[in-house]
Amino acid sequence: MSSHRPQHRLSVPDIQRRKGAGSLVALTAYSTPMARLLDPHADLLLVGDSLGMVLYGMPSTLGVSLEMMVAHTLAVMRGSRRACVVADLPFASYQESPRQAFRNAARLLADSGAQAVKLEGGEEMEETVDFLVRRGIPVLAHIGLMPQQVNAMGGFKAQGRDPESAERVRRDGLAMQRGGAFAVVIEGVGEPLARRLSEELAIPCIGIGASPACDGQVLVSEDLLGLSGEQVPRFVERYARLDREIDEAARRFAEDVRERRFPEARHCFAMRE
């Protein structure tokens, strides 16, 4: 009998237990090849609606559909074995009512195999989060800078940098915890506020443009790989410049084709005798 054991996929309770027990690593993934590469290094793979901007060139995340989220989450599930996979509920798929949120969240999980959904919002979404969690759908909350509210916020602007705004974000975090979210993404807020929330909340706080004191960090993978162009948010660290490597590879290929150096004999199939 083979001694090989299937690799354990991290679960929602596994993520919850990481509060105060080492930093969580979260990365976005939208495809099978990227998920396969990131899976050994990430605790959470987030299939974010950011795919609308990153992959499809949309100006915001508002044009992403539930069908797109199902398809890309399926691709990530096929490429991963270890990480807990969380899929975003896209704009207008959950804000109308808790029942609408349940219907679409249930479809997203059932059709993709993901472990949890992520939704944006604070106090106004507490009832919805509670409704989902009580019916078996784990929720990762998202507070602070919320991309689906880009029009209401007047752009992608940092939040919680004045006392009034900070208190509003703090109340949002507490509301998401009361609603039963297993963790919360805190995006684009003042560092002292993110630090305070990480200390005050009993659930893991995952920062993006927040604070090193958070229980984990998440970045858009294309940003850290250098595939997002020259303009990136100030909180991004580029760990590679794959854009330059891709440009060089494409240049060399084009040159070899035009000079008839590619393909060579070793790339071609011989006739059978």
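Yeah, the Cβs are placed from backbone N, Cα and C, and that goes for glycine too.
What Swiss-Prot says about this one:
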- Asp49, Ser50, Asp88, Lys118: 3-methyl-2-oxobutanoate binding site (BINDING)
- Asp49, Asp88, Glu120: Mg(2+) binding site (BINDING)
- Glu187: active site, proton acceptor (ACT_SITE)
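The structure, with features from Swiss-Prot marked on it.
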| residue | record | CB count, 10 Å |
| --- | --- | --- |
| Asp49 | 3-methyl-2-oxobutanoate binding site | 28 |
| Ser50 | 3-methyl-2-oxobutanoate binding site | 21 |
| Asp88 | 3-methyl-2-oxobutanoate binding site | 29 |
| Lys118 | 3-methyl-2-oxobutanoate binding site | 23 |
| Glu120 | Mg(2+) binding site | 24 |
| Glu187 | active site, proton acceptor | 24 |
Other than Asp49, Ser50, Asp88, Lys118, which residues of the same chain sit close to 3-methyl-2-oxobutanoate? List them in sequence order, counting a residue when its Cβ is within 8 Å of the Cβ centroid of the site.
Leu46, Val47, Gly48, Leu51, Thr61, Val64, Met69, Ala87, Leu89, Pro90, His142, Pro147
Rounded distance in angstrom between the Cα atoms of Ser50 (3-methyl-2-oxobutanoate binding site) and Glu120 (Mg(2+) binding site):
13
Looking only at C-alpha atoms, tell me how far the residue listed as 'active site, proton acceptor' is from Asp49 (3-methyl-2-oxobutanoate binding site), rounded to the nearest Å.
15
